Amino acid sequence: MGTVEAANKDANGSLLEKNPSVVFVLGGPGSGKGTQCANIVQNFGYTHLSAGDLLRAEIKSGSENGTMIQNMIKEGKIVPSEVTIKLLQKAMQESGNDKFLIDGFPRNEENRAAFEKVTGIEPAFVLFFDCPEEEMERRLLSRNQGREDDNIETIRKRFKVFLESSLPVINYYDAKGKVRKIDAARPIEEVFETVKAIFGPKNDKVNHYVRLMSKLYMYKFHFVSKTKIGNHCLPC
């Protein structure tokens, strides 16, 4: 046990020596996070770590952990924090990079607190892709990627879990001024123009505008979520 703990400490120490820049990427299933992360990687040199992809790779490995993960995903539940964090740590350590997009994590407050405690890393900011539930459902059902969790029942469970679990995380980071909210219902190219304004070269006027628009979006997000959360609708 001591050996495992020592290995974890060594991994954390190596990560912190890099002084990594971490951006959490959040949004409902089908909000376009993966597509935009690919654009960010290509244009700004980040390493994209999808919590979902790492978990699916573990499922394919046939391990005991993989079987447990598969059963939880079928039920639309969230995988225990320690499982996902371990996979993320390993991927970060092996990447050789110091800039990371962590996609689909943290999904709840327990995830968030555990990540910061275990890794000692706080995100630079949270990129939140906001998209109406109807649009996300349409995208998921039409993408035909052969994923076992792309069926209508599981999709709706995932919507509900995302809404109920992610609100506290988004609110926590918004209180710290770290949420960049993006209207993800628009065409891919338009969404990426907004993304570029956030990740591009420092420009005080542009960054001030982005921060202002994010704050206005968040005011709307808080108001709509309070009035619609009982119906499990994502904020417009």
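Note that Cβ sites are derived from N, Cα and C of the backbone, with glycine treated the same way.
Just so it is clear, the model here is predicted, and its values are computed rather than measured.
Feature annotation from TrEMBL assigns ATP binding site to Gly30, Ser31, Gly32, Lys33, Gly34, Thr35, Arg143, Arg186. Annotation comment: TrEMBL describes Arg56, Lys77, Ile78, Val79, Gly104, Phe105, Pro106, Arg107, Arg147, Arg158 as ribonucleoside 5'-phosphate binding site. The CMP binding site annotation in TrEMBL covers Asn111.
The structure, with features from TrEMBL marked on it.
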residue: Gly30; record: ATP binding site; CB count, 10 Å: 24
residue: Ser31; record: ATP binding site; CB count, 10 Å: 26
residue: Gly32; record: ATP binding site; CB count, 10 Å: 22
residue: Lys33; record: ATP binding site; CB count, 10 Å: 24
residue: Gly34; record: ATP binding site; CB count, 10 Å: 16
residue: Thr35; record: ATP binding site; CB count, 10 Å: 14
residue: Arg56; record: ribonucleoside 5'-phosphate binding site; CB count, 10 Å: 18
residue: Gly104; record: ribonucleoside 5'-phosphate binding site; CB count, 10 Å: 23
residue: Pro106; record: ribonucleoside 5'-phosphate binding site; CB count, 10 Å: 28
residue: Arg143; record: ATP binding site; CB count, 10 Å: 11
*Measuring Cα to Cα, how many angstrom lie between Ile78 (ribonucleoside 5'-phosphate binding site) and the residue listed as 'CMP binding site'?*
10
*Quick one: Cα separation, Ser31 (ATP binding site) versus Arg56 (ribonucleoside 5'-phosphate binding site), in Å?*
19
*Which number gives the other C-beta atoms within 10 angstroms of the C-beta of Asn111 (CMP binding site), all protein chains shown included?*
22
_Between Ile78, Arg186, which of the binding-site residues has its C-beta surrounded by the fewest other C-beta atoms within 10 Å?_
Arg186
_Roughly how many Å lie between the Cα atoms of Arg186 (ATP binding site) and Gly104 (ribonucleoside 5'-phosphate binding site), rounded to a whole value?_
20
